[in-house]
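Trainee: Here it is, the structure in full.
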Amino acid sequence: MSSSRYEPSWDVDLAPLLSCKLCLGEFPLEQMTTISQCQCIFCSLCLKQYVELLIKEGLETAISCPDSACPKQGHLLENEIECMVAGEVMQHYKRLQFEREVLLDPCRTWCPSSSCQAVCQLNEAEVQLPQPVQCPECSLRFCSACRADCHTGQACQEMLPITTFLPGENGSNLKSQEDEAPIKRCPKCKVYIERDEGCAQMMCKNCKHAFCWYCLESLDDDFLLIHYDKGPCRNKLGHSRASVIWHRTQVVGIFAGFGLLLLVASPFLLLATPFVLCCKCKCKRGDDDPLPT
């Protein structure tokens, strides 16, 4: 009778785990994705969510590496993006790319009709000057500079609200319908912005310019939203009075907190300044002294 000893098997997969810089989790290599331009590596789920968020929010057309300290400042290639997002998300991304190309091309512009949105070609020889443009799709004639009805021989009225209009509309009824227009153009970069409902304080995703939806006045420096307390836009913000007061209380509290912090820290700064200056002078004097021979 022969007996054999049982020898346990220790064949364990000892493949190293890699750390994701976004979620700080550790994953095997097959669950990670490497960006080809910079060789930064992230878990596939985090990178997919990051890319989808930027595309859906329309924040970027060139999607950069999510690592803010990336030494090469790499960007994801189009084929890399296409491999990780759904088909409809990729179509939206390509649409954003096309809109960006038209925006940066001085020889192309968008038809201002909200029902058309075709791309119109400008005369390259006169691209720096206002010129009449006719849409190839809806035949609407408009000015390339102010986007209003074609006004050959007359100066552009730059102060008119920048709203979209339908074919056949003229300037008289455009002014009366400007508040109800669902689509307007950013007064700074001229891109289209659509508003369904809600707050009248708008921020352009393209240039980050804050403005009033009704009169297009800049709100970049109006932290307390005083604009909606007087004038034609009074009480048109779209929020209750209580929520506006709460917003202002928060803003004032933030500024007051910074002021109080500066007030408390100022005596310590005054006391520390002479010591810092003395240390700097001493270090400089030590550098200037010749080495002993």
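Heads up, the Cβ atoms here are built off N, Cα and C, so glycines get one too.
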Trainee: According to Swiss-Prot, C212, C215, C233 bind Zn(2+) 5; which one of H227, H239 is annotated to that same site?
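Mentor: Record check against Swiss-Prot: Zn(2+) 5 site with C212, C215, C233, extra candidate from H227, H239 is H227.
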Trainee: Out of the binding-site residues C43, C143, H151, C186, C207, give me the one sitting nearest to C233 (Zn(2+) 5 binding site) by CA distance.
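Mentor: Checked the binding-site residues C43, C143, H151, C186, C207; minimum Cα distance to C233 (Zn(2+) 5 binding site) goes to C186.
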Trainee: Just how many other Cβ atoms lie inside 10 Å of the Cβ on C189 (Zn(2+) 4 binding site)?
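Mentor: Step by step: centre on the Cβ of C189 (Zn(2+) 4 binding site), count other Cβ atoms within 10 Å, giving 13.
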Trainee: Look up C233 (Zn(2+) 5 binding site) in the DSSP assignment and reduce it to helix, strand or coil.
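Mentor: Reduced to three states, the DSSP call for C233 (Zn(2+) 5 binding site) is helix.
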Trainee: Restricting the comparison to the binding-site residues C23, C43, C204, C215, which residue's C-alpha is spatially nearest the C-alpha of C156 (Zn(2+) 3 binding site)?
Mentor: C215
